[in-house]
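Visitor: Got these off TrEMBL a minute ago, pasting:
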SIGNAL    1-24  signal peptide
DISULFID  34-49  disulfide bond
DOMAIN    61-209  domain 'Cupin type-1'
BINDING   106, 111, 116  oxalate binding site
BINDING   109, 111, 116, 155  Mn(2+) binding site
């Protein structure tokens, strides 16, 4: 019996050890604070620490006001990540405000380094994500409601109301990374070869060129 219990404990320990990397977000910090020195020429996995810090380094007022949604997508993301808010360096968290015009969309995209959770502060949105099995999970959410997008999965938000909408988003990474699907494929530098995209989407080269022109 004792040997069986030991085997169970060992198996659980191995499972936890294997699971840890997949559950982890950013690396754990090794000191109380490490405000990012964005001007440093040193390149590391993250950002080096600034020598002299103040309370202002841990303060960000950029989410107070709605952003300008006058663009083709009809939405704008105001980020409070390490690039705009150096105080979150090494803390494994960041936020964003997303504003949507009537009919506006945060187009399908992924965050390779973070799970995202949104809290609706205004309006009505259709939101959803797609699993690696190509199953869509979608929901209409409104003020006061919350929805979560698992790390790395393609997801979107679309304003379905007759007034502007907004959400506050939170991420379990100081810099979640964002890869917009359409922009990635159609506006990469250098460009993805047209015939590659035409074959992938099962259309003619001319169709791809016409869509690419809209992203230039």
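Cβ from N, Cα, C; glycine included.
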Visitor: Drop a 10 Å sphere on every Cβ of the disulfide-bonded residues 34, 49 and tell me which sphere holds the fewest other Cβ atoms.
Guide: 49
Visitor: Would you count the other C-beta atoms found within 10 angstroms of the C-beta of residue 109 (Mn(2+) binding site) for me?
Guide: 20
Visitor: Other residues near the oxalate site, CB within 8 A of the CB centroid of 106, 111, 116?
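Guide: Checked against the 8 Å cutoff, the neighbours are 96, 109, 110, 118, 149, 155, 169, 171, 176, 178.
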Visitor: Relative to the Cα of residue 111 (oxalate binding site), which of the recorded positions 34, 49, 155 have a Cα no more than 10 Å away?
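Guide: 155, listed in sequence order.
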Visitor: Among the recorded positions 34, 49, 109, which ones place their C-alpha within 10 angstroms of the C-alpha of residue 116 (oxalate binding site)?
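Guide: Neighbours among recorded positions: none.
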Visitor: Does residue 155 (Mn(2+) binding site) have same-chain partners at least 6 apart in sequence with Cβ under 8 Å from its own Cβ, and which are they?
Guide: 108, 109, 110, 116, 127, 128, 129, 130, 149
Visitor: Could you pull the average pLDDT for the domain 'Cupin type-1' (61-209)?
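Guide: Over the domain 'Cupin type-1' (61-209), the predicted model scores a mean pLDDT of 97.
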Visitor: Using C-alpha atoms only, work out the spacing between residue 49 (disulfide bond) and residue 106 (oxalate binding site) and round it to an integer in Å.
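Guide: Residue 106 (oxalate binding site) has its Cα 33 Å from the Cα of residue 49 (disulfide bond).
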Visitor: Reported as an integer number of Å, what is the Cα distance between residue 106 (oxalate binding site) and residue 34 (disulfide bond)?
Guide: 32
Visitor: As a quick check of your reading of DSSP, tell me how many residues in the domain 'Cupin type-1' (61-209) are helical, how many are strand and how many are coil.
Guide: 22 helix, 59 strand, 68 coil
